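For reference, the structure is listed below as structure tokens.
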């Protein structure tokens with residue numbers, strides 16, 4: 001679901017330093033997929049250990065998360081639970097797309113097409129249960145808060161933000177706004193110079209901030225109407241949306257008729273084009289399956305032995321680099337906790 005066109009006027013670049021001392025609830029799966037897609041060898045294949053196991057996600061979680069904490073930010077990684085039944089069509093679509101990419105990847109390898117290899121290697125990326133569990137284990141060893149969502153991780157991260165347990169939710173997807181996040185930060189874990197897909201061009205990617213209240217005020221709508229706009233153009237629960245309706249048309253329709261049902265009643269949208277349950281999908285965004293976290297939401301001291309065991313002994317990471325990372329992490333945690341404490345005190349004066 002891409003609301004990009006209608007958030008353009010309210011999103012702004014935000015420096016990591018502006019988030020110093022603040023907690024950010026991060027959609028873990030979304031972030032790990034970013035690492036798997038972005039952290040690659042020159043030929044486009046992911047980083048692997050001596051046993052052929054993918055390690056791109058661990059590399060990203062370790063080194064890039066350290067950089068985030070060095071900026072004074074306290075990350076909270078939120079992992080997916082069981083997805084809603086309504087998401088099964090989208091999950092199946094993604095599975096087919098990956099299978100197709102895998103076929104094209106093998107063909108590109110046989111033909112020695114390196115640009116195509118890189119392209120399809122990224123498209124074919126998969127996140128296994130083992131990779132998820134290792135990610136949780138690494139984050140825990142690093143002293144970073146981990147929350148297990150009952151349902152969608154993105155919904156839980158947004159909920160944590162909506163009840164002020166974090167300053168913002170972080171994800172590449174705009175769904176966080178539909179789930180009620182007050183603030184959404186994009187590009188927090190992938191900022192810096194990045195190569196454009198299939199091009200020898202590098203661009204500077206910077207974190208972006210979108211505030212829900214500012215967006216709704218700018219558009220002259222409420223959150224439920226924003227959800228209806230998303231439903232019309234397609235969400236994870238109705239991937240195809242309504243044929244022929246883009247985001248600007250959807251905005252015009254909802255502003256004129258207030259909701260999808262009224263637009264159907266007035267003949268603006270043909271009922272025959274609606275092959276999904278509007279109310280059920282709307283409900284999944286308004287009242288998603290979430291819980292108030294019982295997990296620790298503070299940074300803790302890292303466990304050096306467990307980090308070395310997982311990265312160096314199990315996955316062949318360079319020991320000197322990891323030890324250097326651990327020293328950076330220890331210092332960053334100490335400073336981030338100090339900044340958070342001072343930020344909290346400043347609010348009283």
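Start at 1 and count along the chain as shown; that gives each residue its number.
Note: Cβ is positioned from N, Cα and C throughout, glycine not excepted.
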For this session: Can you dig out which of the ranges 332-340, 341-349 Swiss-Prot describes as region 'Interaction with PCNA'?
Result: 341-349
Exercise. Using DSSP, how many residues in the region 'N-domain' (1-98) fall into helix, strand and coil?
Worked result: 48 helix, 17 strand, 33 coil
For this session: Would you mind sorting out which of 80, 152, 154 (the binding-site residues) have a C-alpha within 10 A of the one on residue 173 (Mg(2+) 2 binding site)?
Result: 154
Problem set entry | In the chain carrying residue 154 (Mg(2+) 1 binding site), residues 6 or more apart in sequence that have Cβ under 8 angstroms from it | 27, 30, 78, 169, 171, 173, 175, 176, 179
Seminar exercise, completed: In DSSP terms, the region 'I-domain' (116-258) comprises 65 helix, 24 strand, 54 coil
Exercise. Which one of these binding-site residues, 27, 236, has the sparsest Cβ neighbourhood, judged by other Cβ atoms within 10 angstroms?
Worked result: 236
Exercise. Among the binding-site residues 80, 152, 173, 175, which residue has its Cβ surrounded by the fewest other Cβ atoms within 10 Å?
Worked result: 173
For this session: Report, in whole Å, the straight Cα-to-Cα distance of residue 236 (Mg(2+) 2 binding site) from residue 80 (Mg(2+) 1 binding site).
Result: 14
